[in-house]
Amino acid sequence: MEFSSRSRQKHLRLAGDRRELYPHSLQFYLEPPTESIALVEFESFAIDRLRLLKVVENLGVSCVRSSDSYKAKLESELRKLKFPYRALAEDDYEARRKDHISHFILRLAYCQSEDLRRWFLQQEMDLFRYRFSQLTESLMQKFLEHVNLSFEAVTEDQKLELAHELSASTPGLSVPKVKEQMFYKVGLVDAVDLFRTRRVFIKDGFAYVPFKEIDAIVLNNYRIKLSKALALTARSLPSIQSDERLQPLLNHLSHSYVGPDYSVQKNTGKISLEQIDALSVKSFPLCMRQLHKALRDSHHLRHGGRMQYGLFLKGIGLTLEQALEFWKKEFIRGKVDADKFDKGYAYSIRHNYGREGKRTDYTPYSCMKIIMSNPPSQGDYHGCPFRHSDPELLKQKLQSYKVPPSGITQILELVKGMHYQLACQKYFELTHEVDDVGFSLNHPNQYFTESQRLLSGGREPKKELSNSGNSQQKNNSQESMNSNLTPTSSNTTADAELEGLEAYFTED
Ligand code: SF4
């Protein structure tokens with residue numbers, strides 16, 4: 001792919017119309033795009049695919065994959081984002097092109113670490129599985145030929161001759177059902193999973209695979225190809241990293257979330273310092289609750305914690321004056337005296353609010369940034385507890401926050417599957433007593449905003465909060481509520497600028 005400025009975009013798009021490249025709406029993404037593409041389009045394609053994969057991840061945990069609601073929700077998202085949503089439409093060149101290019105952009109962004117590769121592979125596999133299942137029989141056949149997986153169909157005569165063997169070796173298929181099904185002769189290498197689990201009839205070095213099992217073979221083939229491609233792409237990273245236009249974009253994507261950046265607050269000054277303790281219990285996500293508690297307990301946070309928590313507090317509405325008062329009051333209760341605070345720490349807080357240095361209005365960290373970068377070490381409290389805590393410690397913490405045992409088990413399962421944001425959503429559901437979180441979590445400040453909206457009656461809770469602690473929380477929240485807590489801003493983040501800011505936070 002080559003990249004161009006916006007002004008050349010129209011010309012290049014016309015020149016690059018290559019319908020013959022996409023004979024099918026589905027593909028294994030074997031050939032990278034070779035056309036020129038504007039950086040604007042590059043970024044918008046990538047962000048749309050990231051949105052789509054996040055929906056795939058969410059649905060994969062909240063719905064049964066073969067259920068009608070899973071299919072309906074995924075189709076609706078594909079339509080909304082203008083990706084090919086059904087293989088039936090022949091004239092969906094734009095959607096196919098977007099699908100192809102966006103896959104390769106995210107492949108570049110998500111090949112950079114083992115965690116990213118695994119996440120990308122999982123979501124792409126789920127997306128492929130859904131789209132393959134939507135193909136009609138003839139389109140499926142056409143697709144198999146397209147990807148060189150055209151297996152020989154077993155003739156009617158052969159099938160009748162082997163009907164009893166096929167029925168006995170294929171779970172769930174009676175002889176009459178065998179007669180209705182198409183069977184394919186598949187080489188053993190392609191059918192390893194099926195014959196290992198004794199789900200197919202084997203004869204003369206071929207597995208006799210019923211049509212309904214072909215998807216397992218195709219998916220396995222796709223998984224192998226995509227895993228290899230990701231590993232190969234990772235090896236070519238040094239050359240990609242030397243492209244100064246591309247690297248910041250790819251880094252941004254792999255640390256990115258899609259939503260507001262919470263750098264502009266409509267609620268600035270509407271939260272009092274006295275409310276923070278109560279808010280930390282009822283409306284802070286676990287990462288911020290942990291930081292707040294550590295600050296109150298030890299009257300200090302190291303610089304990673306001050307950055308993460310300070311920008312979050314700014315995002316929920318603390319003014320610069322409030323922030324200075326908040327941090328100073330707490331620090332001087334520990335080992336830092338007022339003079340040292342004014343000289344050492346006040347500057348960095350003003351910097352945080354864009355009043356010093358480059359005067360940039362810094363953005364609170366998204367979940368992806370917290371999860372993917374700067375892991376905490378001994379004595380640190382920043383990071384994401386779902387990602388960075390030992391499971392046993394996480395379990396104890398959740399127990400101490402009165403999360404029910406069954407909920408803890410669900411959270412730990414999600415953590416085990418590396419679905420950290422989904423684990424956090426589950427924590428939200430359990431602590432707010434709602435059945436469905438109703439949003440896709442990407443940002444700690446989004447968690448706070450949604451919590452406040454729910455507690456203020458903006459959304460219906462599952463049932464009346466029953467224990468006195470929770471009732472108290474609800475009352476408090478209603479007092480502190482304001483309906484304008486959702487900030488609006490552009491999608492841009494200031495990761496690069498934050499690195500500059502971190503230099504000001506050298507003092508532990
Ligand atoms: Fe914080 Fe996001 Fe982790 Fe939740 S998922 S604890 S909001 S970083």
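Here the Cβ of each residue, glycine as well, is placed from N, Cα and C on the backbone.
Between the candidates Cys111, Cys287, TrEMBL assigns the [4Fe-4S] cluster site shared with Cys367, Cys384, Cys424 to Cys287. According to its DSSP assignment, Cys424 ([4Fe-4S] cluster binding site) is helical.
On the 0 to 100 pLDDT scale, the domain 'DNA primase large subunit C-terminal' (278-448) averages 92 in this prediction. For Cys424 ([4Fe-4S] cluster binding site), other Cβ atoms within 10 Å of its Cβ number 26.
Summary of the [4Fe-4S] cluster site environment: with the site residues Cys287, Cys367, Cys384, Cys424 set aside, the chain residues having Cβ atoms within 8 Å of the Cβ mean position are Pro285, Leu286, Ile370, Ile371, Pro385, Phe386, Arg387, Tyr420, Gln421, Leu441, Pro444.
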